[in-house]
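Engineer: This is the structure, below, for whatever I ask next.
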Amino acid sequence: MAISRLIIENFRNLAAVDLEFDHGFNFLVGNNGSGKTSLLESIFYLGHGRSFKSSVSTRIITYDKPYFTLHGRIWEQQHEWSVGLQKQRKEGLTLVKINGEDGNKISDLAHLLPMQMITPEGLTLLNGGPSYRRAFLDWGLFHHRPNFHSAWSALNRLLKQRNAALQQTYDYTDLQVWDVELSKLAHQVSLWRTDYAEALRPEIEQTCRLFLPELDIQVSFHQGWDKNTDYGDLLRENFARDKHIGYTVSGPQKADFRFKANGFPVEDVLSRGQLKLLMCALRLAQGEHLMVQKNRSCIFLIDDFASELDETKRGLLAERLRQSHSQVFVTAITAEQLKQMQPENHRTFSVNNGMISL
């Protein structure tokens, strides 16, 4: 999987950009504020339909312009696709095209472009709330199980309906229609998450032994309620509590994927550098699992490669990325910070005030 060409129009300070990328490593070098992270953000947006920096997409559109447009040429296993996304300022409309055809969804783009993002802010995967770790698992299931996305969407829709109904009813029988289907979906999604977490665990632990040999990293999945309890029974038994609180307390929406180091929560005992290495290990293990199981490679996006890592650890990460045979985009302030990451096939772009050159 690789993006061979990217055309950008009106995306932050990138007014008009047309770039051809290496299928291996691509280095984006420039001072803070030069536009290198914006370029990384545009690639992420093309694959996710959202930004990793801003929750308000219309703010990404260049000032006084009506829209931004991203167009990419995608290559995978001798096949090529043309993909495009336009975000309009008026009404915030998003238009998606694949091979020139309208009517596609953002999820169609996401399926075509499996990406792993590594940023300094990405430590929330480890020291943030459980929602970040559920998203980590669900990303994998989205790419491994074709019917996961529809089941996950239906589950979230039913939870919203149930929570709204809790505000209006005093009789549990009014919720039974939702709870029968909700229980089925909850068990299915939780089973998929459990199986995926267990399949991923050996690869995570193996990568952690390489990156953090001084630590014993343990991985465990918690589905969001007692695994020995039927979820339908739990919903009925907890009706009064859920009604009092105003939302459904237990369930797959409370699941967590937890990590310990030498028996203690990693967020309590690891340094920021160790947390970053663990986060990198998780992303790499997940990408490698996709390759092994589905013969599909990820695109890795790495912002501020040198942050929190010493030269030795940067070398370890660089070598593991080279072994993955993935397309990699890396930002850095100076080329010197990338000296450990100099594979045979690479391309370096200089970024200065929204202007990009080889």
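Residue numbers in this text run from 1 along the chain shown.
Using the three backbone atoms N, Cα and C, a Cβ is placed for every residue, glycine included.
Here's the feature list from Swiss-Prot:
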- G30, N31, N32, G33, S34, G35, K36, T37: ATP binding site (BINDING)
Engineer: Find, for the listed binding-site residues G30, G33, G35, the residue with the lowest Cβ contact count at a 10 Å cut-off, counting only other Cβ atoms.
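Structural biologist: G33, out of the binding-site residues G30, G33, G35, has the fewest neighbouring Cβ atoms within 10 Å.
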Engineer: Between the binding-site residues N32, S34, where is the Cβ count within 10 Å the lowest?
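Structural biologist: Among the binding-site residues N32, S34, the sparsest Cβ neighbourhood within 10 Å belongs to N32.
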Engineer: So how many other Cβ atoms are close to T37 (ATP binding site), meaning within 10 Å of its Cβ?
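Structural biologist: Its Cβ shell of radius 10 Å holds 21 other Cβ atoms.
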Engineer: Taking 8 Å from the centroid of the Cβ atoms of G30, N31, N32, G33, S34, G35, K36, T37 as the cut-off, which other residues in that chain fall inside it around the ATP site?
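Structural biologist: Here the non-site neighbours turn out to be S38, T331, I333, V351, N352.
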Engineer: Including all protein chains displayed, how many Cβ atoms other than that of K36 (ATP binding site) lie within 10 Å of its Cβ?
Structural biologist: 26
Engineer: Determine the Cβ neighbour count for N31 (ATP binding site): the number of other Cβ atoms within 10 Å of its Cβ.
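Structural biologist: Cβ-Cβ neighbours of N31 (ATP binding site) within 10 Å number 12.
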